[in-house]
């Protein structure tokens, strides 16, 4: 039993780490090495991230991946004990609900992220942990999961809410976490992409999140959407400027 639990943790950690390092590494290679000269005009900040920053980001990302792996082991344990609403037969709820469930997870995560993120900026003892992420004032793809271990635990805290609240298939979780990783890399990319006004009216973007990292830490707390920032008056949209 002990070795089974260890294996589940290791597999979970390896899955999170492999997905993250492949996607973040590819993004960094394409934007910061391969096509940097061609894409330089889209770089939000003129300065190039230094090696010390990259080393810091990768080190704390590894810590976060280990914690996320542990959360996978806990999730599997809860499932085996029947504590969750995880189901394994796709036909039980149908393909339409399967798609809807992914969208629901995104909405739940966006809400959780906004309020937990804002809370970490509102209380000094929480910001003590969050400032590990904010050491990166010039975000890169590697900044995405550069978290203090305590923040990593907080950031994965939405998962129990999801699996206890709604029926969810493991494939839906897999698709969600892949999308979440991609979007997290996008908003930390350091390049101004998706400059459509329509897109920026609904979705968070790298430019506004870059501002949050630089100097304006009382605004732009959202993840995927600007809904909560707009409703709560914390949106500082300078993407048009």
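Using the three backbone atoms N, Cα and C, a Cβ is placed for every residue, glycine included.
What TrEMBL says about a protein is an automatic prediction, not a curated fact.
With DSSP classes pooled into helix, strand and coil, the tally for the domain 'Fatty acid hydroxylase' (103-234) is 87 helix, 4 strand, 41 coil. Residues or ranges marked as domain 'Fatty acid hydroxylase' in TrEMBL: 103-234.
Annotated transmembrane segment per TrEMBL: 20-37 (among others), in sequence order.
Sequence annotations record features per position, and here TrEMBL assigns transmembrane segment to 58-79 (among others).
Residues or ranges marked as transmembrane segment in TrEMBL: 94-115 (among others). Here the transmembrane segment (94-115) has long-range neighbours at 155, 157-158, 161-162, 165-169, 171-173, 175-176, 179-180, 221-225, 227-229, 232, meaning same-chain residues at least 6 beyond its ends whose C-beta is under 8 angstroms from one of its own.
Counting only same-chain residues 6+ beyond the ends of the transmembrane segment (145-166), those with a CB under 8 A from a CB of the stretch are 20, 56-58, 60-61, 63-65, 67-68, 71, 75, 78-79, 83-86, 101, 104-105, 108-109, 112-113, 116, 120, 129-130, 132-133, 135-136, 173, 184. The feature transmembrane segment is assigned by TrEMBL to 145-166 (among others).
For the transmembrane segment (172-191), the residues of the chain that approach it from at least six positions outside its boundaries are 16, 19-20, 23-24, 27, 31, 39, 42-45, 49, 98, 101-102, 105-106, 109, 138-141, 143-145, 162, 204-206, 209-210, 223-224, judged by C-beta separation under 8 angstroms. Here TrEMBL flags 172-191 (among others) as transmembrane segment.
Confidence for the domain 'Fatty acid hydroxylase' (103-234), expressed as mean pLDDT, is 95.
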